[in-house]
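Q: The structure that follows is given in the form of structure tokens.
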């Protein structure tokens, strides 16, 4: 009873923080002609309610795709339709075709913010709570509420969902999928992940770990017996889930192809915005978009991404374990973020949420990563007027992690899951004795650098000759951090020789 009381307080605190952030400015508010992501979500409601399904993804006189055209999978469109139906009952002007563009009344803002809260309460937050209660360590039962508090107060997701404005449904469905797999509910987990993938195509970041983990389980059971039965059931579940989501579009091949073209606009080429991935960092030295064609860029990014995530996927397939699965979710998503085609600043959340799932195992490195991931979105947050929210939620998150996990005391090789790796190095004894002190020093240096860049970005005008100095600096510093984290997480996976139980969360 006591743990549920603590969890209730945790959820109320998390909701209070979300509501406080939502009272700030809105992405693109009052800035025609495109306004911002808030308007994108509102416009999708306008389109899905007023136009027939066959026109949702096509450019017509009533649906100008250059003005926030739908570019997410069908489940996002269906969700927009449901929200629009409710909006119509309250005030038809909110979704009136053409005339509602740029609508920004206070009642409508309250409605839109409420829809995000409902999505959080129905999908994301319950998954976090159940996940934390499912942790099997003896100390985890009493720490379930503190673990949930750290996850629910992760500032990156709060600032993007409730400040910049988007819905947490795809990440919520992915969390439910992880939760189901942890209890051997493989078919339900497959359905949940299919829902995540059909809500946002960026869930492809997590697809290979799901595939490799389940395939590895089938191999382990034997492909001539129970493994083949499980594989057949999984394949059927995925096919039926996708068929249900795409049913209104499935009768017309051109409809399907048009949706796919909207989901994967490869002709745009590699992004040139200030994203903390390798391509944007390299663009400071060489303009890749000016050197190679979009098709070649696509092949190059695919090859590098595939090679970077291959070791973790092979290990997970050969030795499937829940612990390995969770770490593989991190490394694969981080590989996609760093090297793949068409990356947005917000895509780092696809790495951050899996990192949240292992915060109880490696609290120091997880906290460090989550702080860097929030910092990497600073240019976007400043553009959205979220400086105050960023300045409050980020130190608060660090303080909660320090109080909950005493992270600065957990920097030994064993605490960081590097003991097996250290034992494989010759002469490791002398070097690893000073390892905790070195790691803490690097952490404090990293925090100081991020703090200085945050202040400079917010308060100091850049030189006229270098107008993008601070956003580029934030991207490069974050990218260097992410590259080191990618190496670290891969080392943890590849040197992990422990045989973990498949039946409980590790």
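Even glycines carry a Cβ here, placed using N, Cα and C.
TrEMBL entries are annotated by machine, without manual review.
As annotated in TrEMBL:
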type	residues	note
SIGNAL	1-22	signal peptide
TRANSMEM	110-133	transmembrane segment
TRANSMEM	145-167	transmembrane segment
TRANSMEM	173-197	transmembrane segment
TRANSMEM	227-249	transmembrane segment
TRANSMEM	324-341	transmembrane segment
TRANSMEM	348-375	transmembrane segment
TRANSMEM	387-408	transmembrane segment
TRANSMEM	442-460	transmembrane segment
TRANSMEM	472-495	transmembrane segment
Q: So, taking each listed stretch (110-133, 324-341, 442-460, 472-495) in turn and counting its Cβ pairs to the transmembrane segment (145-167) that are under 8 angstroms, which one gives the highest count?
A: 110-133
Q: Grab the same-chain neighbours of the transmembrane segment (227-249) for me: Cβ-Cβ under 8 Å, and only residues 6 or more beyond its ends, written as numbers and ranges.
A: 53, 73-75, 186-187, 190-191, 194-195, 198, 214-215, 217-221, 255-256, 259
Q: Please give the sequence-distant neighbours of the transmembrane segment (472-495): residues at least 6 beyond its ends with Cβ less than 8 Å from one of its Cβ atoms.
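A: Long-range Cβ neighbours of the transmembrane segment (472-495): 274-278, 280-281, 284, 308, 311-312, 315-316, 324, 327-328, 330-331, 334-335, 337-338, 362, 365, 369, 372-373, 375-376, 378-379, 416-418, 420-421, 424, 446, 449-450, 453, 457.
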Q: Let me spell it out: take the transmembrane segment (173-197), skip the flanking residues so only those 6+ beyond its ends count, and list any with a Cβ under 8 Å from a Cβ in it.
A: 73, 75, 123-124, 127-128, 130-131, 134, 203-204, 206-207, 210, 213-214, 217, 230, 233-234, 237-238, 241-242, 245, 322, 325-326, 329, 353, 357, 502-505
Q: Give the nonlocal contacts of the transmembrane segment (442-460) in its own chain as ranges (CB under 8 Å, at least six residues past its ends).
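A: 364, 368, 371-372, 375, 378-379, 382, 387, 390-391, 398, 408, 411, 470-471, 473-474, 477, 481.
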